[in-house]
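Q: One structure is given below, represented as structure tokens, and several questions about it will come after.
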Amino acid sequence: MTEDKKVSVSMFIKELELEVVHKGENTDYEIISSDINRPALQFAGFFEHFAYDRVQVIGKGEHDYFGTLDRATRLRRLEKLFSYEIPVLVLARGLDFSSDTINMAKKYNRIIIRSQMSTTKFINKASGYLSEKLAPSKTVHGVLVDIYGIGVLLMGKSGVGKSETALELVKRGHRLVADDAVEIRRIEDDMLVGEAPDILKYLMEIRGVGILDIKNLYGVGAIRTNKVVEMVAELEYWEEGKYYDRLGIDEEYMTLLDVPVEKIVIPVKPGRNLAMIIEVAAKNYRQKNMGYNAAKIFNEKLLKKLSD
């Protein structure tokens, strides 16, 4: 299930350690976009297509330009600016707000804050923070493991052996990211990042044994806090008569948060070393990304042999 994310201005101020210049009592707004707006055009009097729902940042350029306007014009522009429900107005570089700006913020019950950082650094930091917090997300049932630098999401029905396979992978030197519940965020158009909920971080459940703390049992080298999800390995009980891919020519994909992720289906039956199979699958995935596809090369050789 996907979630619509919002960040309160109070949390934004706290996390980025910003100075509050004015914030009315019982006043808070929610930030819904990671994009930042610099209201230079608005200070010049152009309010068409004004992205008022974004964090508004004033740098030295806007600050100095605004100071060249006569007071009557400044008041009109401020009145117009604050008449929109902007979430917050930020002044970078430690610059000062004029008394007119503060009074107008009080009139419209808006929040104004200050950062000591340069404008560019503040925008980069604020945008990165908001992108992470506002990224589309969902929680899936599975186990996420870092195998040779490839984020592999193990999925399948409950009891099929996902956690046991992940434990064997950890013993083989790979790193656990999340067990049972994986929180996945789309931080870019085609990039998914998975992590464990705080309450489950570094923990694993093994039936018959109970809860294991992987960090304490195997050390910090056996865990990581998050990982890009690059491949899905779905474990399913072996079904006699069902076709399973034996060549690996046809690639299958699973869509997560509108992002296609390469998927392989691994049939589970006694005697199969699932950890080793998934380990090899991760190596093969990396090899294909480097331009070498063993299945396609074999197929080309076979077709050439048949045509001779």
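Note: Cβ is positioned from N, Cα and C throughout, glycine not excepted.
Got these off Swiss-Prot a minute ago, pasting:
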| type | residues | note |
| --- | --- | --- |
| ACT_SITE | HIS141 | active site |
| BINDING | GLY156, LYS157, SER158, GLY159, VAL160, GLY161, LYS162, SER163 | ATP binding site |
| ACT_SITE | LYS162 | active site |
| BINDING | SER163, GLU205 | Mg(2+) binding site |
| ACT_SITE | ASP180 | active site, proton acceptor |
| ACT_SITE | ARG246 | active site |
| REGION | 267-272 | region 'Important for the catalytic mechanism of dephosphorylation' |
Q: Return only the integer: C-alpha distance in Å from GLY161 (ATP binding site) to GLU205 (Mg(2+) binding site).
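A: Checking the Cα atoms of GLY161 (ATP binding site) and GLU205 (Mg(2+) binding site) gives a distance of 11 Å.
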Q: Below 8 angstroms Cβ to Cβ, which residues of this chain, lying six or more residues outside the region 'Important for the catalytic mechanism of dephosphorylation' (267-272), approach it?
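A: Non-local partners: 156, 160-161, 235-239, 242, 244.
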Q: In the structure shown, which of the recorded positions LYS162, ARG246 has the fewest other Cβ atoms within 10 Å?
A: ARG246
Q: Would you list the other residues of this chain near ATP - those whose C-beta lies within 8 angstroms of the C-beta centroid of GLY156, LYS157, SER158, GLY159, VAL160, GLY161, LYS162, SER163 - in sequence order?
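A: Apart from the listed residues, the neighbours are LEU235.
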Q: Could you tally the C-beta atoms, other than its own, that fall within 10 angstroms of the C-beta of GLU205 (Mg(2+) binding site)?
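A: I get 12 for this one.
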Q: List every residue in the same chain as the residue listed as 'active site, proton acceptor', at least 6 positions away in sequence, whose Cβ is under 8 Å from its Cβ.
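A: Once residues fewer than 6 apart are set aside, the residue listed as 'active site, proton acceptor' is near HIS141, GLY142, VAL143, SER163, LEU200, MET204, GLU205.
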Q: Provide, as an integer number of angstrom, the distance between the C-alpha atoms of SER158 (ATP binding site) and ARG246 (active site).
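A: Distance (Cα to Cα, whole Å): 25 Å.
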